[in-house]
Amino acid sequence: ISEGNLLYKCLKISELFHKKMLFLEERNGVLNTRNFILRGMCAIYLVAFLSFYHQNEGLFGDNGILPARIHISNTAKITAMQKRPSLLHFAYYLGIDTASMVDFLALAGVLISFVGFISQSFCLMSTFAALWALYYSITQVMQVFSNQADLLLLEAGALLLLLAPVSNTRRETPTDRIGLLMIRWLLFRFMFVSGGVKLATSCPQWWSLTALERHFETLPLPTPLAWYAYYLPSHYNQLGMVFTNLSELLVPWLFLSPLLSMRTVAFYWHMFLQFHIIITGNYGFLNFLIVILLFALLDDTHFLRPRTEGVWKERLRTVFKVIVFLAIGYAGFFLYGIGFKNGQFTFKLKFKKADYDHFFASALRISPLLPLVGVIVTFMYEMMGHPLIRRAKSLLGMFYTILTTSFFLLCCIGLIGMSTVPHRNAHKDSNISHTEVGYMYSKFQHLSLVNEYGKHLREIRPGRLEVILQHADNIEGPWEEYEFQYKPGNVNYSLPMAGPYLPRLDFQFYDVAGAPIDRHPWIYALALRLLTNEPSVKNLLSSRNFPRQPPKFVKATLYEFHYTSWNERNNVAYWTRQPAGEFLPPCSVDDATLQARLKALKIPLKYKVPPVTNAVLKNALVFVRKQATLIEGSFFVFTFLALGFAIIATNRRN
């Protein structure tokens, strides 16, 4: 373009406007950042598929707790696909049953995500479209065993379609920064709502800053370090509660800042938070997923600092980060009235419930404007300065890039608009579920493109109740306990470390103990599988104390659990427990109540698997399943991750 050309003059004016008026830091690359996130997300998908596959037969198999065939029709009807969109409906065309199709899709997800994990060139839009479709399909059969991690992965996976390149992973695209901003908006919503709903509920433990101490004893699947965290001095746990509130209510606003220095402070702040969550609780791949998404706060200067950068410029950036960090700390000291007296921290909240409700509702209303303005400004930014537009080889190529980027912009604006509905549902004063936007959101809600988070954080539990399953050959006893691999039960066994593996049955029992059994009818299905000694369900439990022959009776008893005292810990045990009532009365296969509940669940006492037309594929899936069950779930996941890292290291060395 010649210097006298009008287009050239417009580009120069827009570049000057960008540098002088938008106050953004200098343009840095995001290619390495984007590729790291894409590769990391392949690893998360790999963990999620492996974790699901290892438990699928016991949870959703033909003789599992809640068989998938009950919820997914194995027919070729188009109406079934429209009602519940899922790749599972294609089992009819492959000649296999629904349970086998679930295995097939999970294994396909394992294969695709593993290749993406070890090969950067495979991290394309088509790859992530396939991974999202596969994972969305298997979530259709999860039912009560679905987890918040699944929702976050599906929403993040959908955003990867805006971030992943179509063909070339070695070149930046104009949509990269827009995609990274959308990930930052997702992180903001997840963190801000997770922190906001705690204080919005008026739960006294959140307001008295004592919730963290109770949390370490009542979290779903604690690790050994949770016991030690529980016995930290109370004022340290209160200080930790202040840190958590700042992390979830104040720091997330830095996610949406155009300044890299502010986002870098937020990155390390939340990395510190996620590290402590991971080492004290087994939340599956949820926090590992958040860690990967946090890299969207950075750019390529974090991975490789340019050599041309001056020393003073780097020092000024460091000083600015320190100022931001100190400002957050000062806000904490001011809002929570932190003092130090007699060797202990003291706290006195400087705000009331009415003040907080006004702040939270207002923040929920205003916050969507930030990503909306951000994606529009970023779009203009890319139109002004991206090499694919400024150095386009042809006018047609330039217009094609502008057209596709504009389409992505419209998609992002639509997603931001829809996300305001679940985002504002966190507080009654900002709820817009019954508006036109809320109606539009309800039409797409089943696709999990945008989701609501933080529901389970509204109240901290006053104590820990656990359901203990038992079996006997005589109703009078003696009763022997079933033991789980990760859920607290036997007080003499150590607390486990599951890493990114998500044990869904153990995790679901956390919700069961706090409610009547009528709200969890799937317990009756589990009782049936235990009464028949179903091998696939046996693999979900610990092999210790599992009966060799089917028992005649099973029952479930509630126990109240507490951590052992600091001195008692020397005797190995982590827990003490006392009976707290009956949960499931003793029942046998012939029990009328059990049979009535199973009938309501559409689960027969005996089920004969129908013949399939594709015996070769069916037998191959059975063979792979037998090999997978030989390894414990967390080791199964770690094996694939270790193999992937070994291949990556070997390729780098070569």
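Including glycine, each Cβ sits where the backbone N, Cα and C put it.
So that you can see what the record holds, here are the features copied from TrEMBL:
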- 36-53: transmembrane segment (TRANSMEM)
- 90-112: transmembrane segment (TRANSMEM)
- 118-137: transmembrane segment (TRANSMEM)
- 146-303: domain 'Lipase maturation factor 1/2 N-terminal' (DOMAIN)
- 149-166: transmembrane segment (TRANSMEM)
- 249-269: transmembrane segment (TRANSMEM)
- 275-298: transmembrane segment (TRANSMEM)
- 319-339: transmembrane segment (TRANSMEM)
- 359-383: transmembrane segment (TRANSMEM)
- 395-418: transmembrane segment (TRANSMEM)
- 449-585: domain 'Lipase maturation factor 1/2 C-terminal' (DOMAIN)
- 628-649: transmembrane segment (TRANSMEM)
Leading stretch by Cβ pairs under 8 Å, where the reference is the transmembrane segment (359-383) and the options are 36-53, 149-166, 249-269: 249-269
For the transmembrane segment (395-418), sequence-distant contacts whose Cβ falls under 8 Å of one of its Cβ atoms, 6 or more beyond its ends: 159, 162, 174-175, 178-179, 181-182, 185, 368, 371-372, 375-376, 379, 382-383, 386, 388-389, 437, 440-441, 444, 449-450
Same-chain residues near the transmembrane segment (628-649), Cβ under 8 Å, at least 6 residues beyond its ends: 43, 46-47, 50-51, 53-55, 57, 110, 114, 117-118, 485, 497-501, 503, 539
Spatial neighbours of the transmembrane segment (36-53) far in sequence, C-beta under 8 Å, 6+ residues away: 103, 106-107, 109-110, 112-114, 116-117, 120, 123, 127-128, 131, 134-135, 138, 149-150, 153, 156-157, 160, 163-164, 169, 180, 183, 284-285, 288-289, 292-293, 295-296, 303, 500-502, 628, 633, 636-637, 640-641, 644
Remote residues contacting the transmembrane segment (118-137) - C-beta distance under 8 A, at least 6 residues beyond either end: 35, 38-39, 41-42, 45, 48-49, 85-88, 105-106, 108-109, 112, 150, 153-154, 157-158, 160-161, 164-167, 169, 447-448, 644, 647-648, 651
Other parts of the chain folded back onto the transmembrane segment (90-112), taken as Cβ under 8 Å at six or more residues beyond its ends: 45-46, 48-50, 52-53, 56-57, 60-62, 64, 67-69, 72, 74-76, 127, 130-131, 134-135, 137-138, 141, 609-610, 612-614, 617-618, 621, 624-625, 640
Same-chain residues near the transmembrane segment (249-269), Cβ under 8 Å, at least 6 residues beyond its ends: 22-25, 28, 181, 184-185, 187-188, 191-192, 195-196, 294-295, 297-299, 301-302, 317, 320-321, 324-325, 328, 331-332, 367, 370-371, 374, 377
Structural state census, the domain 'Lipase maturation factor 1/2 C-terminal' (449-585) (DSSP three-state): 33 helix, 35 strand, 69 coil
